[in-house]
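Asks: So Swiss-Prot has the following annotated:
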- Asp13, His15, His47: divalent metal cation binding site (BINDING)
- 13-15, 39-40, 61-63, 66-70, Phe144, Arg147: 4-CDP-2-C-methyl-D-erythritol 2-phosphate binding site (BINDING)
- His39: site 'Transition state stabilizer' (SITE)
- Thr138: site 'Transition state stabilizer' (SITE)
Amino acid sequence: MNWMDIRIGQGYDVHALVEGRKLILGGVEIPHTRGLLGHSDADALLHAITDALFGAAGLGDIGRHFPDTDPAFAGADSRVLLREAVRRVREAGYDVGNVDATVIAQKPKLAPHVPGMVANLAADLGIAPGRCNVKAKTNEKLGFEGREDGIVAQAAVLIYRAEAAEQD
């Protein structure tokens, strides 16, 4: 395997917290008084990971593949979009190595929900749970996250050329 067979991608997403929406992160519905505003289910964590996957494979970004102007994606389950992104990355000749993600939210406390998020990620990415990491952070009451106006997610993924791994 040479260095061109391994690629990394970085993803970012942010959504506003609003009344009347469910809060879904990592495919887990989290009890809270507000949820994330968006065209789909607004799962910022899965959107950041999806974006990172597309970027790593040189396939653009989430908006290119699942535009928020397309009614077909209104209310879409982001787990379905993530699985489709994985399919497209594999079609381009890559497999997922690992993912490391951070969710930044002042409230609610996310740590109790991280195991469910990791289980969903492992299932959707087709990798072992030990290759999926999710960290929950606050912003120490600073910025829009600290004011509880929104939630941010950041992700890094590693992908590798599938046939190169088979040759080793």
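From the backbone N, Cα and C atoms, a Cβ is placed for every residue, glycine too.
I'm curious about the neighbourhood of these features; can you describe it?
Replies: DSSP assigns Asp13 (divalent metal cation binding site) to a strand segment in the three-state reduction.
Cβ neighbours of Asp70 (4-CDP-2-C-methyl-D-erythritol 2-phosphate binding site) (same chain, under 8 Å, six or more residues apart in sequence): none. Under the three-state DSSP scheme, Asp70 (4-CDP-2-C-methyl-D-erythritol 2-phosphate binding site) falls in the coil class.
A sphere of 10 angstroms centred on the C-beta of His39 (site 'Transition state stabilizer') encloses 15 other C-beta atoms. A coil conformation is recorded for His39 (site 'Transition state stabilizer') in the three-state DSSP classification, outside any helix or strand.
For Thr138 (site 'Transition state stabilizer'), the Cβ neighbour count at a 10 Å cut-off comes to 14, with all displayed protein chains included. DSSP assigns Thr138 (site 'Transition state stabilizer') to coil in the three-state reduction, outside any helix or strand.
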Asks: Residues with Cβ closer than 8 Å to the Cβ of His47 (divalent metal cation binding site), same chain and 6+ apart in sequence?
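Replies: Set apart from His47 (divalent metal cation binding site) by at least 6 residues yet with Cβ under 8 Å, we have Gly11, Asp13, Ser40, Ile62, Ser78, Leu81, Ala153.
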Asks: Whole-number Å distance between the CA of Arg147 (4-CDP-2-C-methyl-D-erythritol 2-phosphate binding site) and the CA of Thr138 (site 'Transition state stabilizer')?
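Replies: Checking the Cα atoms of Arg147 (4-CDP-2-C-methyl-D-erythritol 2-phosphate binding site) and Thr138 (site 'Transition state stabilizer') gives a distance of 11 Å.
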Asks: So which of the binding-site residues is most packed in, judged by how many other Cβ atoms lie within 10 Å of its Cβ, out of His15, Arg147?
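Replies: Per the Cβ count within 10 Å, the most buried is His15.
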Asks: Any idea what the Cα distance is from Thr138 (site 'Transition state stabilizer') over to His15 (divalent metal cation binding site), rounded to a whole Å?
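Replies: His15 (divalent metal cation binding site) has its Cα 15 Å from the Cα of Thr138 (site 'Transition state stabilizer').
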